[in-house]
Structure formats: C-alpha cells, structure tokens
Amino acid sequence: FENHLEQILCILMDILFSKFWNAWAQKTLKNALALQELNKNKAKNLILFLGDGMGVPTVTAARILKGQLHGQSGEETQLEMDKFPFVALAKTYNTNAQVADSAGTATAYLCGVKANEGTVGVTAAAVRSQCNTTQGNEVTSILKWAKDAGKSVGIVTTTRINHATPSAAYAHSVDRDWYSDNEMPAEAVQAGCKDIARQLFENIPNINVIMGGGRKYMFPKNMSDVEYPNISKYSGCRKDGRNLVKEWTDQMKDKKAHYVWNKKDLLSLNPNNVDYLLGLFKPVDLPYHLERNLETDPSLTEMVDVAIKILKKNPNGFYLLVEGGRIDHGHHEGKAKQALHEAVEMDRAIGRAGLLTNIHDTLTVVTADHSHMFNFGGYTPRGNTIFGLAPMMSDVDQKPFTSILYGNGPGFKVVNGARENVSTVDYQENNYQAQSAVPLAMETHGGEDVAVFSKGPMAHLLHGVHEQNYIPHVMAYAACIGQNREHCYSSSGAATVNLAFSSIAALLTVTWLLC
C-alpha cells in the first residue's frame, strides 16, 4: 500500500510540475507574440547601463544571487535586464587585441568605432602612450551627439569619473591611465596632450550630471582631501596647480549648479532646482557596495535616481551613461562575492530607471564591455548557495572545491605542495578569493561575446550577433541624433507619426483615468 501511495504521489507531482512548466512556457510564448508589433517610436531618452566585466556567467550568477538574497533558490529569478524583450551578442575584441580592455571597448560602444586597447576616444590610427598620434584621430561619442541635439546628458559611475569607461564619453586620450597631469610623461604634457580629468570639463561644456569618484585628480598636488584630510595618498595630485572643481563652480555660479561630495548632500538636493550636478564621492573609486558607508556613500541606485530626475526635465530628452564599474574590480581581485553584489546593485538601478521612464519613448540598453575568467559549475543541486561548495570531492586530489572558480588570478594557493583545502577557510567571506587554475596577481578579462539587452524604441535593431561598435549607431538612429537622421524626416514620417500617436494615446489614457 505504501509503495502504491508513493507511486500515486509521484504521478501527481509529475502532473503538477508539467502543468507549471507548460503554463510558464505558454505565458512566455504569448509575450513573445505580442512583440511582433515593434516599437518604432522616436526615442526621446537614451540610457546605457554598462556592467564593466559583466560577462554571461556573471549575469547568470548574479541572477541566482538576487533570488537567494530574497530567500528563493535563485535559478528561476528574473533580473531586471532579463525582462527586456530583445537580446543580442556583441563581439568585444579591440583592433589590436583578441581579448579586450575597457578603454578600446568603451570607444566602440560610445563612439561607434573599434579602437586599440588602452586608448579612449581615438581611432585605431592612434598608438597607445604616443601623444603625437592623438591629433586628427579623435572621435566623438553619442553623449556629444545627444548634447549637440539639445538633450541633457549625464554620466554616473562607481569608479573614478576619469576611468576608462566614462572617459570615452568625453575624452580623446592615447592612454587611459593619464588620469591627471601627474600620471602623464612630461614630454606628453609639453607636446600639448591633455589629461583626462581636464578634458572632462573642457571638451564638452556643461555636461548636466557627473557622478562618481576621482576627487584627487581634480585638485592641486598635496591639497588635503575633504573627507580624508590626514591620508596623503588621497590628497590632490595635479602638478599644474589647477583646482578643477573650483573652476567648475565659478563657471556655473549663475546656473542652477551644485557640487556635492557625500550622500547626505546629494539626497538633500531637490532635482527640480538643479540643472547641473557634479558629485565626486571618493578620492579614487567608490567602495564596493558591500563595504560602503550607508551614511556617507551613495549607492548606484541612489545616484541613478537623482540623475534621471534632473535630466528628464529637458523637453528634448536626455542621454545617460551608467557604469557598474566595480564588477570588473571584484573579478580582477578574484573576489566573486564583491563582483556579484555589484552586479545585483546595478540591476536594482536598472529597475529604478525603468520606474522613472517610459518604454514608449526611452531606449534602454544593458551590456558589458568584456567578460572575465569567471565561471561556476560542479553539478551543484538546485538552490545551492552560489558561493557554496560543489556536491562532490575532486577525484584527483580528494578535496572539496567551490562552485565558483577562476581560470586565472590571485586565488591560486598551494599548501604543503598541494591545492588548498577550501573547507579550512571561510569561502563565503566577502573578500574570499576563489581558487584559480593559473596564478596571477590580477585575474584577466575573458574574450567571449557579451550579452546586449534592450527595450524601448528601435530596441529590435539589437538582435543576433554584432560588432560592439554597432551599439551607439542603433541608439543614435532611434533618437534621430548623430549621422543617421534622414529617416526622421522621410516622406513616411514613421518615427514622428508613431511618437505622435503614442503621445496622444498616453494623453487619452490619463484623461480617461482623471474622468
């Protein structure tokens, strides 16, 4: 009888499970069929979320972590980016590198051309660190195209504001490491090349929102930092004696402009009374999300919230670049827990942006510049903590291993001539360095394609497998800025008509609700 009852229960469970998966698949199918009516509106607003180093394995692991943080098993969870209707793959290689760096890739997805590793805002004709190859090889970014079209523009990052990713939006530099004139060779300064911090304020005047780290690069050498006055490594480092923050505040004194350096001052602002914002929250990079001071350090979501509320006041719309930059740093250090929590926080910012904008007039793209030598596996069971052990011992050295591993990096450890036994350490600690196959002081990037998630006007143009530099061309086409504007004034007037109809529909809906 017990065997018979067990068989009946198994059959019932099979039926229930099959109904669950079938129902989910049918719902997904209906949603897919609804996408046959493509959104061909003109994009008023453009948002690019860039997860630095956020390869596909990182996306998957972050999804599981997000679910587990909410008490679920994790695998079935949806990231905000998972909800986007269109997904493509981007090929990330630089013109001179099979496995890319963040500078050459930033030039691709911001300026529309592939470039050499280590260079930002210049073509492949420019040679890294050779100042005399800069002039004549500059390329402009979609941020500038948007500014020239009358839109408000902004940059938000968790790294220093003059790091590789954000700098490609405004700078033209043959070396990504030329943060200030202090990091430049004397001959480059004498030859007329400008450091990246200086270019932030000089190349594209009046960028509406600038938020990130990098304070030390804006102030004269040895000028004490406002937050860390007794730590010399955080003091100003500019050799030219310029105080770029004071220059900015003096220049903007007759505008609704504010400079802030902490969370309290940021969140005390009324976005309706702010047209220009400069927020520099740390001397170098912002701290990891798990380590930030909740009283003084803003989260990426909080920065994005303020940025959009300021930018969206412009009737012509806006362009916003948001970088979850420390995903990359966590991976380089072999600290998967830090990297994945950074990815989850960026996903939270994506969700916040979605609540503040409208899919009918806002094209949102989420992608990565490159991947990392990060992965997870080991036949772990459903719901296994993402930072946990695989369910078996190695059949070679008879020791346990974590599901998360790196192909190379600082996690390579030998104890008494053999692989470290991970059960003897706290492998779920925030800064635990996951084991790697090859010892390196810093883990390296990965060379595989990265995902491109998109929603909003013309999002369907991001499909299939594309070169990374294709991304800003699609975004510019959708917003009728840059070089692709003919379709906006064609006889069919599709973009204008569709936008008009969507606006009328929205107005009628609001009127109906009010009545």
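Even glycines carry a Cβ here, placed using N, Cα and C.
Keep in mind that TrEMBL annotations are predicted by a computer and have not been checked by a curator.
Around HIS370 (Zn(2+) binding site), a 10 Å sphere centred on its CB holds 28 further CB atoms from the protein chains shown. For ASP52, ASP328, HIS332, ASP369, HIS370, HIS445, the entry in TrEMBL reads Zn(2+) binding site.
Feature annotation from TrEMBL assigns Mg(2+) binding site to ASP52, HIS163, THR165, GLU323. The Cβ of THR165 (Mg(2+) binding site) has LEU50, ASP52, SER102, ALA106, THR157, THR159, LEU321, GLU323, GLY325, ASP369 as same-chain neighbours under 8 Å, each 6 or more residues away in sequence.
Per TrEMBL, the feature active site, phosphoserine intermediate maps to SER102. Around the Cβ of SER102 (active site, phosphoserine intermediate), 27 further Cβ atoms fall within 10 Å across all displayed protein chains.
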Can you tell me how many other Cβ atoms are located within 10 Å of the Cβ belonging to HIS163 (Mg(2+) binding site)? 28
Specify all same-chain residues, apart from the site residues ASP52, HIS163, THR165, GLU323, whose Cβ lies within 8 angstroms of the center of the Cβ atoms of the Mg(2+) site, ordered by sequence. LEU50, SER102, ALA106, THR157, THR158, THR159, ALA164, PRO166, GLY324, GLY325, ASP328, ASP369
